[in-house]
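Here's what TrEMBL has on this protein:
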type	residues	note
BINDING	Thr13, Gly14, Ser15, Val16, Asn40, Asn126, Glu128, Gly214	NADPH binding site
BINDING	Lys127, Ser153, Glu154, Ser185, His208, Ser221, Asn226, Lys227, Glu230	1-deoxy-D-xylulose 5-phosphate binding site
BINDING	Asp152, Glu154, Glu230	Mn(2+) binding site
DOMAIN	7-134	domain '1-deoxy-D-xylulose 5-phosphate reductoisomerase N-terminal'
DOMAIN	148-238	domain '1-deoxy-D-xylulose 5-phosphate reductoisomerase C-terminal'
DOMAIN	270-385	domain 'DXP reductoisomerase C-terminal'
Amino acid sequence: MSTSNTISILGSTGSVGCSTLAVIDENPQYKIYALSANNNTDLLHAQCLKYKPRYAVVADEQAFPKMKALLAQSDIDTELLTGENALSKIASDEHVDTVMAAIVGAAGLESTLAAVSSGKRVLLANKEALVMTGDLLKAAARSSGAALLPIDSEHNAIFQCLPHSDTCLSKEQFSFVEKVVLTASGGPFLNTPSDEFEQISPDQACRHPKWSMGRKISVDSATMMNKGLEFIEACHLFELEPERVEVVIHPQSIIHSMVYYRDGSVLAQMANPDMRIPIASGLAWPQRINSGASPLDLISQESLQFLEPDLIKFPCLRLGIEAAQQGGTAPAILNAANEIAVAAFLDRKVSFPQIPLIIEAVRSQIPCEAAVSLAIIRDVDQQARILSNELILKDFS
Ligand code: MG
């Protein structure tokens with residue numbers, strides 16, 4: 001076994017965080033060093049009792065007193081920290097080998113960068129960090145020697161189908177790779193007529209047919225923005241021009257993505273749709289460990305289908321592809337506007353079809369520039385959030 005067995009989980013109470021702990025339950029050679037939550041103190045406390053980490057972090061400072069009280073009643077030595085600096089501390093601590101970056105949204109940016117800059121083995125489940133600051137993250141990984149391993153199931157599949165490497169970034173520009181194909185389930189509304197989109201409720205949007213996930217990413221799957229963000233992610237991770245990335249609808253979610261080679265060979269990674277599989281792959285890479293997921297039963301499968309995506313019905317996918325083509329701060333603007341629009345939809349302030357309209361309006365009003373520093377990206381992220389909220393109040397309610 002390698003020595004990279006001591007782990008911090010950024011976002012341990014979310015869907016990916018809980019799946020990571022489930023994989024670790026199967027593999028006691030891994031040790032939990034730190035766990036973090038935004039404000040889900042009850043679950044974080046239960047996790048602390050079970051894993052006895054050195055540190056627990058509540059990112060939301062208002063949750064600190066309650067968590068402090070919960071820990072005080074328990075007979076464990078876990079030290080409680082709070083705030084964004086605390087997240088960066090557990091991401092870069094010298095005792096940590098591996099960091100699972102599983103905080104959803106721009107909130108996970110700083111701590112993911114801290115893990116990468118300190119040369120950790122970083123399991124990247126926070127797609128927004130890569131979408132917003134892909135170039136900066138890669139530059140930081142190159143100078144620190146951090147290994148970046150994609151956990152998003154599609155990118156993990158592509159990584160597994162490419163020639164062997166210990167990190168995404170040591171992959172040369174593969175002239176023999178023709179293109180990569182990202183598969184998309186199509187989400188819960190693949191076959192819903194678009195004139196019914198107006199009536200879609202948050203709960204309907206969160207009911208994904210194949211994957212069980214948090215609410216934000218479930219809405220992203222329903223709008224297909226998730227695939228738009230993954231398109232940007234793929235361009236960054238594998239150094240591919242947007243022309244060499246394609247999206248295909250595959251409703252069964254059995255093939256998680258494919259690599260087309262120059263000689264006509266196509267390599268695909270198949271598995272049940274279960275996040276424990278890419279997580280186990282990332283934790284042990286290049287070895288293999290048990291994930292606890294059930295094996296794929298091909299005989300009982302319905303047939304596998306592949307369809308062209310409908311960019312008119314799902315404009316968020318088009319917006320994602322366009323942001324990848326534009327580059328610079330365009331993906332950060334897209335991501336910020338999307339986070340605000342999705343939150344407003346979940347709060348029932350805007351309708352489902354208004355999500356892409358808000359994003360498009362924000363995009364047309366904020367000029368795209370080169371994403372050369374974290375300050376520029378932070379600034380554009382703030383501008384896009386403020387403008388999105390203004391537009392929602394003024395034009396979309
Ligand atoms: Mg995915």
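Just so you know, glycine gets a Cβ as well, placed from its N, Cα and C.
Note: the 1-deoxy-D-xylulose 5-phosphate site is recorded as Lys127, Ser153, Glu154, Ser185, His208, Ser221, Asn226, Lys227, Glu230; in the same chain, Asp152, Ala184, Trp211, Ile217, Asp220 also have Cβ atoms within 8 Å of that site's Cβ centroid. The highest number of surrounding Cβ atoms within 10 Å, among the binding-site residues Gly14, Gly214, is found at Gly14. Under the DSSP three-state reduction, Glu128 (NADPH binding site) is assigned to helix. Broken down with DSSP, the domain '1-deoxy-D-xylulose 5-phosphate reductoisomerase C-terminal' (148-238) shows 44 helix, 11 strand, 36 coil. Checking the binding-site residues Val16, Asn126, Lys127, Glu128, His208, Gly214 for a CB within less than 6 Å of any atom of ligand 1 leaves no residue at all. With respect to their backbone Cα atoms, Glu154 (1-deoxy-D-xylulose 5-phosphate binding site) and Asn126 (NADPH binding site) stand 13 Å from each other.
Neighbours of Lys127 (1-deoxy-D-xylulose 5-phosphate binding site) among the binding-site residues Val16, Asn40, Asp152, defined as a Cα within 10 Å of its Cα, are Asp152. Counting only the Cα atoms, the space from Asn126 (NADPH binding site) to Asn226 (1-deoxy-D-xylulose 5-phosphate binding site) is about 12 angstrom. Considering only the binding-site residues Asp152, His208, Glu230, the residues lying within 10 A of Glu128 (NADPH binding site) on a C-alpha to C-alpha basis are Glu230. Between the binding-site residues Thr13, Asn40, the minimum number of other C-beta atoms within 10 Å of a residue's C-beta occurs at Asn40. Taking all protein chains in view, 19 other C-beta atoms sit within 10 angstroms of the C-beta of Ser15 (NADPH binding site). Minimal Cβ crowding within 10 Å, among the binding-site residues Lys127, His208, is found at His208. Note: the Cα of Gly14 (NADPH binding site) and the Cα of Asp152 (Mn(2+) binding site) are spaced 14 Å from each other. With DSSP classes pooled into helix, strand and coil, the tally for the domain 'DXP reductoisomerase C-terminal' (270-385) is 62 helix, 2 strand, 52 coil.
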